[in-house]
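Visitor: Take this structure first; my questions come after.
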């Protein structure tokens with residue numbers, strides 16, 4: 001699997017992502033600066049990592065969505081390419097129109113840095129193949145604007161088409177308000193595109209891929225991608 | 001060559017006083033120049049000779065601190081301390097205060113404190129891998145205090161989270177003595193190849209002086225002078241002296257500087273911190289023994305119509321000054337343009353030994369550099385010793401509430417309650433190398449990317465001990481940092497110190513300072529734990545009332561294998577062993593303050609020989625793999641330490657009742673040099689301790705959901721957790 005990690009000015013979790021990808025694939029991903037106007041030949045997966053692109057000034061992800069490389073990423077996705085956006089990357093995907101909805105300020109109006117639990121709502125995607133439907137896993141979250149919002153129509157479509165990939169839950173897998181720390185609509189932590197190739201989520205599975213850092217709960221996302229893309 | 005336009009002599013003398021220069025200090029300025037200074041020159045002298053930049057009251061004492069060890073690469077005097085940590089790498093670290101700005105404007109004051117200390121570290125070639133902090137707040141009921149707490153925490157998070165450096169540890173105290181002067185001390189630890197350290201001494205006559213980063217604005221003018229004075233009722237009016245931070249630009253600056261540092265283009269580099277362009281240019285040229293000429297028309301400016309005085313005194317953030325090798329300007333500029341940062345050649349080095357400032361066709365300053373440094377004021381101010389306090393006899397102090405009730409109160413008290421509300425606002429995992437996050441262990445542990453090796457780090461000080469006995473308090477602060485590093489299994493290597501005190505012109509305050517340094521020096525020597533960097537913040541007084549003396553210590557240690565680090569969370573089915581002597585020392589304990597309502601007595605003494613012996617034993621046990629969890633015994637004493645381990649793991653313990661002293665003295669006394677270990681079997685550890693001459697005793701065994709203290713006395717860990725976790729959220733809820 002040839003993975004490309006895009007670096008915008010202010011991106012800060014690109015090295016975490018590179019470590020997780022290398023752990024799953026055995027090879028270092030390509031780090032691509034946002035000013036580039038082409039993806040490397042043979043790219044299988046584009047990752048937009050976390051951080052504060054352009055300082056989160058204006059709106060989170062709004063300026064990065066206009067970067068030169070994003071036109072290429074959009075074209076790649078339109079041709080059925082796999083694109084993963086985590087945290088700020090999810091915000092950029094929404095701002096670029098590659099995923100629906102928006103990430104609002106956390107309901108508490110505070111930055112939230114803590115482990116959260118998520119339930120896998122849609123197994124069998126390239127991103128979730130190594131989890132059972134309904135499996136619960138843990139990952140750190142670290143964001144000020146992770147409160148997923150969409151209008152009623154979009155929400156109805158996400159649910160009807162089964163495009164909600166992850167929901168915030170208790171460690172036992174129950175969807176509660178208390179487990180939904182940032183106030184996301186319908187506890188939504190992550191979603192996928194209708195072709196299941198574009199995925200965005202707020203928490204950081206890439207930061208929980210090593211027992212030394214507290215566990216390997218996040219690793220199945222990356223091993224899923226390796227298997228799915230090898231088979232593709 | 002024309003001379004700068006001098007001020008009117010009478011006006012110059014009056015202004016010099018407003019800028020914080022004493023009369024005899026101003027006389028020296030006249031003697032050095034042989035004429036009346038221009039406004040820009042007066043500004044340069046006043047900030048360079050401010051307490052903040054010159055250390056004029058503290059230097060004679062700081063010189064007495066031990067600064068050397070075989071692993072020390074650069075001690076005090078550079079932008080940060082540098083130590084060898086193995087694998088060809090160096091750790092670069094420092095702690096610095098931003099107290100005065102954080103009181104005036106909490107968010108920006110704290111944020112720019114983080115930004116400033118990050119620059120001190122990456123300017124030496126390091127990638128920052130962790131931030132810590134040491135905070136002191138007043139009583140939450142004091143005017144504005146909750147807003148200050150909220151603003152400081154948001155500011156630290158706002159900056160650190162955005163630049164993507166994990167905030168992994170810290171400490172917080174509350175005391176009314178900080179009502180008018182909260183303390184914000186920020187620490188950064190970075191990593192660089194040991195043979196690629198960048199220094200600040202300028203060299204190479206004719207070499208270009210290059211300015212990079214943000215544009216210069218009118219923010220923070222005379223910030224260093226503000227930070228060298230007491231506050232009175234007009235503190236709010238000083239808000240324009242506080243700088244505004246832009247962590248996004250800082251992140252770009254880190255990446256651009258590290259990219260440039262991977263080449264061979266840089267001769268010298270320094271960040272523009274306090275006193276901005278003035279201190280960076282004066283210090284770089286002064287250290288290199290060269291002259292420097294600046295053309296301020298070339299300085300990137302945020303506002304129109306800025307004067308030379310304003311540009312030289314501005315403390316606009318996220319700026320660096322570099323000396324480049326000649327002819328490499330275009331190559332270097334391309335890197336900064338890539339990161340969308342300003343880059344400007346603003347001058348060159350000369351052989352005149354003078355700093356010459358040109359602006360709009362005129363010379364605005366022309367000062368010989370050598371006397372600016374050598375003639376800088378240096379004071380050995382009068383000192384008065386703190387009177388000794390009596391040693392309290394624990395048998396004469398009655399227990400008014402009982403052990404479990406006291407424990408419940410203590411774990412929920414301000415100085416012991418959970419700091420989760422704070423650290424939940426700091427990104428502690430970015431970078432993917434955080435092995436021990438906040439609250440999980442006595443020190444934070446961060447692995448080095450791609451290696452097994454890890455660094456442990458901590459910040460420590462117990463100001464109430466320092467007030468009662470500054471020498472013992474100074475000793476204890478260093479010992480506790482050493483102990484916290486030891487308690488995760490790390491080998492302690494070196495410290496940075498952040499000396500926060502009141503007005504040094506008062507003999508009792510200067511006496512506190514001198515005594516604290518004496519105690520610190522003794523501990524550093526005994527523990528092979530030298531000081532490699534530091535910062536002094538004096539004049540922490542409002543309306544004549546001083547803070548508690550607070551020599552905050554930031555310690556760094558190394559683990560050959562980060563996987564060997566242990567945390568403090570208890571698991572069931574383990575023996576609990578206490579290392580070190582328990583004598584029931586209640587003087588200055590939190591039990592005495594929170595339960596008996598008394599702040600008095602001599603603080604617990606630190607026996608440095610026992611400290612070393614006990615710590616070396618504990619570390620050997622941890623690295624030998626026999627210890628499941630370890631926690632040092634600090635504020636609150638033995639039972640609080642066990643309770644913290646129990647709450648960490650959600651597991652109770654049955655403890656054996658003490659004999660030979662009152663129970664409350666045994667459980668809550670704050671004797672130093674102690675650790676609680678959780679081990680599968682106490683037997684071998686006790687035998688090994690006896691063989692090593694280390695005092696050790698079995699305390700009990702973990703299991704169940706309660707802390708059981710003999711017949712009829714127990715409390716559930718769940719109850720303790722509620723008390724422990726609810727204090728700060730309840731307090732800060734009203735702030736929103």
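Quick reminder: no glycine exception, Cβ is built from N, Cα and C everywhere.
Okay, these came from TrEMBL:
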{"type": "ACT_SITE", "residues": "B:52", "note": "active site"}
{"type": "ACT_SITE", "residues": "B:98", "note": "active site, proton acceptor"}
{"type": "BINDING", "residues": "B:55, B:94, B:497, B:534", "note": "ATP binding site"}
{"type": "BINDING", "residues": "B:96, B:535", "note": "Mg(2+) 1 binding site"}
{"type": "BINDING", "residues": "B:97, B:98, B:99, B:100, B:119, B:243, B:315, B:316, B:317, B:537", "note": "substrate binding site"}
{"type": "BINDING", "residues": "B:120, B:271", "note": "Mg(2+) 2 binding site"}
{"type": "DOMAIN", "residues": "B:14-56", "note": "domain 'Phosphoribosylformylglycinamidine synthase linker'"}
{"type": "DOMAIN", "residues": "B:77-192", "note": "domain 'PurM-like N-terminal'"}
{"type": "DOMAIN", "residues": "B:205-359", "note": "domain 'PurM-like C-terminal'"}
{"type": "DOMAIN", "residues": "B:440-558", "note": "domain 'PurM-like N-terminal'"}
{"type": "DOMAIN", "residues": "B:571-705", "note": "domain 'PurM-like C-terminal'"}
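Can you walk me through where each of these features ends up in the structure?
Guide: Counting Cβ atoms from all protein chains shown, residue B:52 (active site) has 28 others lying within 10 Å of its own Cβ.
The secondary structure of residue B:98 (active site, proton acceptor), as reduced to three states from DSSP, is coil rather than helix or strand.
For residue B:94 (ATP binding site), the number of other Cβ atoms no farther than 10 Å from its own Cβ, over all displayed protein chains, is 28.
Its Cβ placed at the centre, residue B:535 (Mg(2+) 1 binding site) has 26 other Cβ atoms within 10 Å.
The local packing around residue B:97 (substrate binding site), expressed as other Cβ atoms within 10 Å of its Cβ over all shown chains, amounts to 27.
Sequence-distant neighbours of residue B:120 (Mg(2+) 2 binding site) (same chain, six or more apart, CB under 8 Å from its CB) are B:79, B:80, B:94, B:96, B:188, B:271, B:273, listed in sequence order.
When pLDDT values are averaged over the domain 'Phosphoribosylformylglycinamidine synthase linker' (B:14-56), the model yields 94.
DSSP labels the residues of the domain 'PurM-like N-terminal' (B:77-192) in these numbers: 45 helix, 45 strand, 26 coil.
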Visitor: Which numbers of helix, strand and coil residues does DSSP report for the domain 'PurM-like N-terminal' (B:440-558)?
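Guide: Secondary-structure breakdown of the domain 'PurM-like N-terminal' (B:440-558): 44 helix, 41 strand, 34 coil.
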Visitor: Of the recorded positions B:52, B:534, B:535, which one sits closest to residue B:97 (substrate binding site) when you measure Cα to Cα?
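Guide: Comparing Cα positions, the candidate nearest residue B:97 (substrate binding site) turns out to be B:535.
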Visitor: How far is it from residue B:535 (Mg(2+) 1 binding site) to residue B:99 (substrate binding site), counting Cα to Cα, in Å?
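Guide: One finds 12 Å between the Cα atoms of these residues.
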Visitor: Mind checking which residues reach the domain 'Phosphoribosylformylglycinamidine synthase linker' (B:14-56)? Cβ under 8 Å, same chain, six or more beyond either end.
Guide: 3-8, 62, 222, 224-225, 227-229, 274-275, 278-279, 282, 307-309, 312-313, 355, 357, 364-368, 371-372, 375-379, 504, 536-539
Visitor: Once near-sequence residues are set aside, which residues in the chain of residue B:55 (ATP binding site), 6 or more away, have Cβ atoms under 8 Å from its Cβ?
Guide: B:62, B:536
Visitor: Say you check the Cα of residue B:317 (substrate binding site) against those of the recorded positions B:52, B:98, B:497; which is nearest?
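Guide: Checking each of B:52, B:98, B:497 against residue B:317 (substrate binding site), the shortest Cα distance is to B:98.
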Visitor: Tally every other Cβ atom lying within 10 Å of the Cβ atom of residue B:497 (ATP binding site).
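Guide: Its Cβ has 31 other Cβ atoms within 10 Å.
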Visitor: Please identify, from the recorded positions B:98, B:119, the residue with the sparsest Cβ neighbourhood, meaning fewest other Cβ atoms within 10 angstroms.
Guide: B:119
Visitor: Highest Cβ count within 10 Å among the binding-site residues B:99, B:317: which residue is it?
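Guide: Checking each of B:99, B:317, the winner is B:317.
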Visitor: List the Cα distance (Å, whole number) between residue B:98 (active site, proton acceptor) and residue B:315 (substrate binding site).
Guide: 13
Visitor: Given the recorded ATP site (B:55, B:94, B:497, B:534), which additional residues of the same chain have their Cβ within 8 Å of the Cβ centre, ordered by sequence?
Guide: B:62, B:76, B:95, B:96, B:496, B:498, B:499, B:531, B:533, B:535, B:536
